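Pulled from TrEMBL:
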- 86-118: repeat 'ANK' (REPEAT)
- 136-168: repeat 'ANK' (REPEAT)
- 203-235: repeat 'ANK' (REPEAT)
- 236-270: repeat 'ANK' (REPEAT)
- 272-304: repeat 'ANK' (REPEAT)
- 305-337: repeat 'ANK' (REPEAT)
- 338-370: repeat 'ANK' (REPEAT)
- 533-560: coiled coil (COILED)
Amino acid sequence: MTFSANTISYRNIFLQDKTIELNKAVNSGDRQLVQTLLSVDKLDVNFTPNGRDTYLHTAIARRDLAMVQLLVMFKADLNPLLPARDAISPLWMAMLHSYDEISEFLVRAGADINERFRLQFCGKKRNYTINGINGGKTSLLHLAVARNHEAHVKLFLDYGADVNYQDTFGNESALQCAVFRKFISLATILIYRGANLESANVDGMTSLHTALIIGDVDLIKMLIQRGANVKAVDKSGKTALHFIAESNVENIEIAEQLLHMGLRINQKEFKRNLGPLHVALLTGKDKLVKLFVRHGADVTAKISNGVSPLSLANLCCSAKTMRLMIARGANVNDKTDDGGTTLHVAARRNSAEKVRVLLRCGANINSLDLRGSTPLGWLENFHSDVAKVLVKQIAIMHARGAFIELSTMEVIWAIVPLMEHFNQCLAELKFIEKKPFYLRYTLRTVLDERPMKLAALTRNSDFVLGFQSIKLKLEVPNFAREICIKFMCALLLKYLLSSMEEHLNRVFYDSLPEPIIQAIAYHMNTQDIPYLVERLVRAIRQVQEKARRARRELATEETTGPAE
């Protein structure tokens, strides 16, 4: 049979009219007409009226589940190959619009669950952007995880979603996506379904590293319990301890657990030679610094630009942390590239408390930088508390005949407020040195005497009354604070000594004479009491047991006679 050109033309016009009619029927939700057109007129259910979307897309856009089911019944293609670059599959369209019922129906009907799409997540919750520029792609499982949609996650996994697929934006897996958003329930499901705990993102960070930065304790414990490698490092050489130090949460419990699991406390990353201690110092985590130092962190190890841990503590941590660092061996007079010491920097940053700590710990007030300036020359405000602290120390050195750099004295001579404060401190030092308040004891005794010796002196009530008779704020206002603190510490130490003696008397009342008990209390550190008492009790009991055994043997010999 042959057809004329007119017949073909009429046929095309007929199909075109019917196609328009079908498109209108789908848009209006007229399922009866759609069924008639597809079954009687045999129209193509996968035709794309606009060259981009099929009728199935139109039904999904209208959120018409019944129409979607009808079109699928007539063999609508669930995974059409669409020519447009920005075209989207039916399942992705339903997911992006959060049409849950339609999404679930399409998955069960056979839609490709592992299809990738140009979707980039840009926030911790549900934010995302369709990215058609860099060509990166992500999966439906990632989207379900980002939305914290547990039912969809389980459904997709049941229908074969690749649990270990890593997107092409940051090379992140669905598990890392869940961990980043603190979705512990989803993370547990993914691990149970076979998610790789050691898969790393573009920076080499594992899921555990991400959890450590976020600081979610339950999530971290769950990952470790499930077998996450705590010794894994990222591409820059950072360990789990680096990440826990970077976190906004100061997580001491987890840090201690990691240290007990064998992580190396002094392992450095590659870029700036930073160890966990350096990172903890830079982020101002005083408690974490204390933990790292207690576990052997090197307090003298410098980073790549020559900055020491003590300098970092000076910049970011408390004076108490600085004291700890110095007590563990940090060099208080260590210099940076410009020749300045930690004292120079503390002076410039106007931190009076840190300057006091450094001076008490032996910082050299005469230290010169490369320009020949001492810490006093680094001051930006000569009326500040730091200026007074430094000038007072210089006055003490002057009164004792110690060497003072000429450049330091030139600064004092040139600045009137500094010169006035210097002269006032010298006058107060003369009063401290020469005026006794009890017998031959002066305020110099209080300032210079060792704590234990001063505590012993405070047992004399006349010594205490003589000290209390001095009006410190009136006579020596610049030294009153430290004299009072020193004296109060001595009184507290006296009470501790008394309590120690009472405790020792109760334990050894029938074993040791009182002078020995007093001597033990005098030389004992309060923190050592339980340990030392335990050892003393054990030793005395051993001696007593030996004496009893010897007495029993002697009594036996007297009764039965010597053994032949």
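Cβ atoms here come from the backbone N, Cα and C positions, even for glycine.
Same-chain neighbours of the repeat 'ANK' (305-337): 272, 277-278, 281-286, 289-290, 293, 298-299, 343, 345-346, 349, 351, 353-354, 356-358, 361-364, 367, 369, counting only residues six or more beyond its ends whose CB sits under 8 Å from a CB of the stretch. Beyond the repeat 'ANK' (203-235), the same-chain residues lying 6 or more positions past its ends with a Cβ under 8 Å from any Cβ of the stretch are 173, 175-176, 179-180, 182, 184, 187-188, 191, 197, 243-244, 246-249, 251, 253-254, 257-258, 261-263, 267. Mapped onto DSSP classes, the repeat 'ANK' (136-168) shows 16 helix, 3 strand, 14 coil. DSSP assignment over the repeat 'ANK' (272-304) gives 16 helix, 0 strand, 17 coil.
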